[in-house]
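Undergrad: Shown below is the structure under consideration.
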Amino acid sequence: MNIDKFTAHAKSVIASSQSIAAKNDHQQILPLHLLSSLLSEETGIIQTLINNTGGNINLLKDQVQLELNKIPKVQVEGGGQVYSSAEALKVLEKASSIAKDSGDSFVTIERIFEALTYGNTIAGKILTNNGINSKKLAAAILQFRKGKKADTESAENSYDALKKYGRDVTELAESGKLDPIIGRDEEIRRTVQVLSRRMKNNPVLIGEPGVGKTAIIEGLAQRIFSKDVPESLMNCRIIELDMGALIAGAKYRGEFEERLKAVLGEIKESSGEIILFIDELHLLVGTGKTDGAMDASNLLKPMLARGELHCIGATTLDEYRKYIEKDAALARRFQPVYVSEPTASDTISILRGIKEKYELHHAVRISDSAIVAAATLSNRYITDRYLPDKAIDLIDEACSRMKIELSSKPEELDELDRRIIQIKIELAALKKENDEHSKKKITHLTEELEKLESKSYDMKAKWQAEKSKLQQAQKLKEELERARIDLERAERDANLAKASELKYGIIPEIMKKIQEAESMDNKGLLKEIVSESDIASIISRITGIPIDTMLSSERERLLVMEQKLRESVIGQDEAIKGVSDAVRRSRAGIQDINRPLGSFLFLGPTGVGKTELTKALASFLFDDRNAILRIDMSEYMEKHAISRLIGAPPGYIGYDQGGVLTEAVRRRPYQVILFDEVEKAHPDIFNIMLQILDEGRLTDSQGITVDFKNTIIVLTSNLGAEILVNQKEDEDTYKVKDEVMEYVKAVFKPEFLNRLDEIILFHRLNRNNIHDIVKIQLESLKKILLAQNILLEFDESALNYLAEKGYDPSFGARPLKRLIQREIQNNLAKMILAGEISSGNTVKIAREKEELRIKIID
């Protein structure tokens, strides 16, 4: 007997039998140990053979263990050596003989198993008693191997290769485990056309991630199952290749190729009845490639070209270009089928189709408004991913969140139970006191506790009743799903009696029961319907945009936009109106959707509220004053500095880092972008801005397109400021607009100015404006001090004093901030540090003669 002629798995079984003998303190390896080792082997071959011959593996294991326990134990200090018995060697010799007679070059585990049925051993008797004899086993092995010979050391890996390294998609369709596919008829038809060709009948689905490439294959599998395909594909099966399983554990050179050849061999033998589906097709290129070895794609090429292999691939546009197109020989064997992103309305249809599957899985209900919101809001707010994937994810996560809430205690009941615990703790502490006040308190708390416990009991009963009703509805839905699968099977098998019973009897009855179970009062403790607000809440967490801005309440907010902006921006009513009108046009959907929400050029002297209006705009639209990307254009005075905005070109330092502008917008697509002091930048920078203002997008140095459609572009400039400063106090700003525009046209090109929504002039501030700004600044200081529990008060005299001293038409409101720091904040800081003002004090600011006084009231 030559041990080198045993396969790796056979050697492993022999080694394992030695371990079993040593573990049981047996001196010899007997056929019984070999049988015990075979029953525990990992490939599943022996289990399949036992099942095919009518045996029971668990029964065999118990009987073998019983016999092993009967063998005398020999305990040797330090562990004795285990020898092979003559019987075990005879079994292995017999296995070699059977393998040779069968034309095998190597002895496999099933041949050792077959050899155990010969001879008069305990192991042989156990097998015979369980109905497994040499004749039956030889027939089972022949059927299992399908005529294959053991020619390599890893021969077991090539048995039933498709089952090991593939997933039968058609079988999943048959068992109803696939989601229904809505639409995509054109892509499925084109795929069927390519598959029906004589040569090069291999379609490759190319599309962006998440557009539904794999779903098309599932749709095709469902059509094959329901016989809704041409006759040539009627009996086909779609097997998805598991590249991970194919590569995993392939330790030796040639083992991976051997596995793949076994898969391809089975497909070839099926005479066109098996269609191989390879998801992430680009993984074929380079897989299994080692020194001198061929990669997977080269093994496939001959069969692909001859039409012996029906193969469907799926990959993204980028990976197809990067891997497949580079290998022209591989690319020509596949016929591209381009899969585009569905529209929002198509996505709504898709979501309605798969709604029931998600309701069944999560045990919740999904409203139609939630489906519409998922499609429209994801399309608008999640710009870096594709429909329908991003919309399905929103529905899935909203359902998951609802499911978690349903399984936990309702908030109202939880608060009630916490209050009961709190009262019980109070009562325990008060019982130790003997005074009259404590006794009254005990009486009062005891009464409250009784009421709360009664309320809690009723609420718990109501909660449990609602919960059991939901569980009942869920069981009925599962029953309905099974009935529908049975109906499909009955219709396919032409079992009309069963089909009519299911269609007109069982299914309507279950549906009636579901309607009764779901007729729950909406005012109950448990909310089981996923609504539009739940979807908006999920998007809010992803993007950081407040929920209110996504739902219908936004309409009311937009109508009072001017009023809200005037609360923080004083004296610039024309500017506020211009900005508000542009934002309303965009939000109402009557502006070009491929442009930013608004683009403005703010012109005016320093300190009049240009930047403040930008912050107020961010606060109003995104509920965050810091939702601003501020780019100081004085940093981009040189031509080469422009590349910092979109990223350094290939070959330059910083290429991998991305651009200041593009990366910030990619990470946070909803913000106000402020280009400050824009006239100081190099003129070439406006060429980049043309694309943003016109198309609402910009391509960075790495070829990634960044979406600016949900941003507001604000450019500020001091051009023509001297004209606006020298204007009379109450003169209309637009009288001098033409003069200011002469300065603007001298710096900016007409094509740039034409793309802006509004050019807004900010006039200089008058004394009344300054008075209002003083009030806002002091209110802001009041809030800061309130955090330290110090109350700040001020009267009209203080406001007038600061307004008079802080008014400078040339510098706007900026001197006012410095004045408040000098006159108030500096003195307050000294008093706080000296301990004159402490927590709980009230401080009043008032004018005395020609200066401000800070008084501590208490």
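Keep in mind that glycine also has a Cβ here, set from the backbone N, Cα and C atoms.
Pulled these from Swiss-Prot:
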{"type": "DOMAIN", "residues": "3-147", "note": "domain 'Clp R'"}
{"type": "REGION", "residues": "6-71", "note": "region 'Repeat 1'"}
{"type": "REGION", "residues": "84-147", "note": "region 'Repeat 2'"}
{"type": "REGION", "residues": "160-341", "note": "region 'NBD1'"}
{"type": "BINDING", "residues": "G207, E208, P209, G210, V211, G212, K213, T214", "note": "ATP 1 binding site"}
{"type": "REGION", "residues": "342-544", "note": "region 'Linker'"}
{"type": "COILED", "residues": "392-523", "note": "coiled coil"}
{"type": "BINDING", "residues": "G604, P605, T606, G607, V608, G609, K610, T611", "note": "ATP 2 binding site"}
{"type": "REGION", "residues": "765-858", "note": "region 'C-terminal'"}
Undergrad: Whole-number Å only: compute the distance from the Cα of V608 (ATP 2 binding site) to the Cα of G212 (ATP 1 binding site).
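TA: G212 (ATP 1 binding site) has its Cα 53 Å from the Cα of V608 (ATP 2 binding site).
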Undergrad: Looking at 84-147, 160-341, 342-544, which one has the highest count of Cβ pairs under 8 angstroms to the region 'Repeat 1' (6-71)?
TA: 84-147
Undergrad: Averaged over the whole of the region 'Linker' (342-544), what is the pLDDT?
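TA: Within the region 'Linker' (342-544), the model's average pLDDT equals 81.
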Undergrad: DSSP-wise, what's the residue breakdown of the region 'C-terminal' (765-858) into helix, strand and coil?
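TA: For that range the per-state counts are 51 helix, 19 strand, 24 coil.
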Undergrad: For the binding-site residues listed here, G210, G607, which shows the highest count of neighbouring CB atoms within 10 A?
TA: G607
Undergrad: Given the binding-site residues G604, P605, K610, which one's Cα is the least distant from that of G210 (ATP 1 binding site)?
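TA: It is K610, whose Cα lies nearest.
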Undergrad: For the binding-site residues listed here, V211, V608, which shows the highest count of neighbouring CB atoms within 10 A?
TA: V608
Undergrad: When you average the Cβ positions of G207, E208, P209, G210, V211, G212, K213, T214 for the ATP 1 site, which other residues in that chain have a Cβ within 8 Å of that mean position?
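TA: What remains near the Cβ centre is A215, T316, V339, E341, Y386, D389.
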Undergrad: Fill in the CA-CA distance, T611 (ATP 2 binding site) to T214 (ATP 1 binding site), as an integer in Å.
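TA: Per the Cα atoms, T611 (ATP 2 binding site) and T214 (ATP 1 binding site) stand 49 Å apart.
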Undergrad: On a simple 10 Å Cβ count over all chains shown, which one of the binding-site residues G207, P209, G212, P605, G609 is most densely packed?
TA: G212
Undergrad: I'd like to know which of these binding-site residues, T214, T611, is least surrounded, judged by other CB atoms within 10 A.
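TA: Ranked by other Cβ atoms within 10 Å, the binding-site residues T214, T611 bottom out at T214.
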Undergrad: Hey, how far is E208 (ATP 1 binding site) from P605 (ATP 2 binding site), Cα to Cα, in Å?
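TA: About 48 Å separates the two Cα atoms.
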Undergrad: Mind giving me a neighbour count for T606 (ATP 2 binding site)? Other Cβ atoms within 10 Å of its Cβ, every protein chain shown.
TA: 15
Undergrad: When you measure from the Cβ of K610 (ATP 2 binding site), which residues in the chain that are at least 6 apart have a Cβ under 8 Å away?
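TA: In sequence order, the residues whose Cβ lies under 8 Å from that of K610 (ATP 2 binding site) (at least 6 apart) are F602, G604, T716, F762.
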